[in-house]
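Quick one: the structure is below, questions incoming.
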Amino acid sequence: MVLKIFFPQCCNRAESGLLVGRWISGHDSAVVLAVIHYPFIPAQVKQYIQQMQAQSRVDLTVLGSWSLPKDGQEGMESFLRDLSTIFPQERWLQIRRQFGKTGFSCEVLSRDQICGKNPGEKAEKKKKKSEEDGGDAEREDEEKVIFVHYEQRKVMLSQLHPVEAQESGNGSEPNSELRQVFGTVARSQPLFVLDRYDDGPLRSTHWQSEGREASIVVELLKRASVPLGLLLGRMLSVWTWICSARILSVFPLRFLFSKLSTCVQLSYRTERLQTLGAPQAAPQAAAHMDFMRKANVLVSVLLDVSLGVLLMSWLYRDQNIAMLASNMVPAADRVAQKLEELLQWLMGAPAGLKMNRALDQVLGRFFLYHIHLWISYIHLMAPFIQGILWYGGLSACLGLTFALSLLSDMVALFTFHIYCFYVYGARLYCLKIYGLSSLWRLFRGKKWNVLRQRVDSCSYDLDQLFIGTLLFTILLFLLPTTALYYLVFTLLRLVVVLFQGVLHLSVDFINSFPLFAMALRICRPYRLAEGVKFRVLCEEPGTALHLLMEINPLKCSSVVQTYRTPTYSCYPRDSWVALVKKLFIGELIYPWRHKTTKSD
């Protein structure tokens with residue numbers, strides 16, 4: 001079997017020393033994490049590895065030796081070979097970089113060779129034999145070793161997807177070689193703290209060997225975020241206590257808060273902010289998803305508040321609120337005027353249709369009376385509209401989603417008369433449709449069995465058939481007039497619902513879009529990895545095969561699907577076929593509902 005050695009690119013020019021890493025269980029491969037430079041004391045190396053094992057919970061060990069020939073170090077290679085007896089392993093790797101070559105040569109010593117009386121002599125004989133055979137034996141041994149070079153920092157910060165597959169029993173390949181490599185590098189962060197410029201007893205080479213300026217900045221940011229987190233936690237606890245007051249659970253208030261989009265958005269924002277103070281999950285995969293969820297929530301809230309502040313700066317500048325308030329009443333008057341003209345047209349001969357004169361006049365005057373009531377209400381509220389807009393605009397400081405939710409509630413309030421017209425027309429039309437269907441079953445000698453929920457045969461007498469025929473004729477001839485009013489007001493209602501649906505979808509998009517994850521995908525695509533790809537890095541005679549492992553970033557669609565924040569998400573209740581069926585039979589439809597709302 002081919003031995004694969006995952007070697008960090010930062011260690012290609014490291015000084016001679018010991019290779020620290022881990023053997024991948026279940027696979028014939030090893031991961032090199034760092035190179036401890038000479039001089040060192042073996043007892044200190046063992047103690048250091050034990051400390052790193054306790055901190056990282058990774059089965060670290062000394063894999064072998066690394067030799068980079070330099071002037072004055074002619075006996076270094078034999079010295080490093082002798083260390084295999086001090087650090088006993090099943091296999092000991094002797095990796096050497098030769099002069100004038102990019103590739104490495106690797107010699108794998110087994111336990112028998114390590115425990116032999118004179119391993120140096122055996123190695124010298126093997127070397128002479130390879131020279132006599134023209135290097136065939138050496139090439140035969142080196143063909144069994146493949147070096148896979150990887151960028152240690154990118155692999156440490158990357159997260160393979162799907163994330164659930166990293167936990168045992170949750171994924172299809174929990175023990176795959178690639179996932180163990182990524183997990184080993186990610187959990188070995190304590191090993192990368194040791195810097196070669198420190199005054200400690202050991203010097204090592206890894207991705208952070210050139211300094212820790214970035215780590216210092218990150219640590220300072222973490223410490224600065226602690227007071228802010230405590231303040232946010234206090235504010236959330238106070239707000240949660242207010243929301244849990246008993247007075248808010250009274251039926252009228254509870255029903256009102258469940259119907260207002262602003263209150264629903266406020267409860268959702270409170271729930272999302274509470275997740276920021278939740279304790280971090282313990283497993284690695286769960287911790288990653290928890291961190292991404294919190295980061296997405298925090299970034300979306302900051303973006304939402306920023307957009308809300310921009311909206312406030314526009315509203316409270318150049319008397320824009322006064323302009324909106326002054327234009328709102330004339331706009332309501334124009335809408336009412338158009339509705340009156342529409343009703344007058346329906347009360348005549350719309351599109352040349354001959355309607356039932358009596359029913360047409362009754363319905364038209366009924367709806368005209370409601371329009372006059374609504375206009376009177378608007379003019380009564382006109383002096384308070386500017387104040388309502390001024391105080392309502394302050395909700396934008398909580399975010400653009402609150403302003404959009406408040407706008408949706410205001411649209412629902414100012415178009416309440418259109419909703420009433422739709423309900424009246426739909427109920428009247430639905431009553432006639434169900435009456436006609438019942439009377440049609442009467443003509444065929446059928447009836448609806450309520451208990452068995454099916455149509456059964458039934459015998460009717462002459463009086464029942466006469467009354468049924470009379471009612472069927474009346475309802476049939478009155479149906480076109482009712483259907484016309486129902487059609488017109490349903491179209492008006494759908495226009496309002498479409499506008500509210502756009503507002504709700506905008507709020508849902510801002511709340512659920514994983515902005516932080518998408519920014520990582522664009523700026524640092526290696527952070528979210530879908531897999532890896534390999535390309536030949538070096539293939540020189542006399543050296544092992546060298547491959548370069550590159551990270552394939554996760555697709556943008558997969559990023560949105562994986563890290564999308566769940567929301568209350570307004571969505572159509574039924575399919576389009578069911579929706580058209582409800583429109584045809586006159587049932588009330590609420591295409592934009594909350595998931596927590598029960599069906600009628």
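Glycine residues also receive a Cβ, built from the backbone N, Cα and C atoms like all the rest.
TrEMBL labels come from automatic prediction, so no person has curated them.
Sharing the record's features from TrEMBL:
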type: COMPBIAS; residues: 119-132; note: compositional bias 'Basic and acidic residues'
type: REGION; residues: 117-141; note: region 'Disordered'
type: TRANSMEM; residues: 297-316; note: transmembrane segment
type: TRANSMEM; residues: 362-381; note: transmembrane segment
type: TRANSMEM; residues: 388-415; note: transmembrane segment
type: TRANSMEM; residues: 421-443; note: transmembrane segment
type: TRANSMEM; residues: 464-488; note: transmembrane segment
type: TRANSMEM; residues: 494-517; note: transmembrane segment
Which one of these stretches, 297-316, 464-488, 494-517, has the most C-beta pairs shorter than 8 Å to the transmembrane segment (362-381)?
464-488
For the transmembrane segment (297-316), could you work out the same-chain residues 6 or more beyond its ends whose Cβ comes under 8 Å from its Cβ atoms?
269, 272-273, 275-276, 393-394, 396-403, 510-511, 513, 515-516, 519, 565
Counting only residues 6+ away from its ends, which parts of the chain sit with a Cβ under 8 Å from the transmembrane segment (464-488)?
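For the transmembrane segment (464-488), the sequence-distant neighbours (Cβ-Cβ under 8 Å, at least 6 residues beyond its ends) are 342, 346, 350, 353, 355-356, 359-360, 363, 367, 425-426, 428-429, 432, 435-436, 439-440, 442-443, 586.
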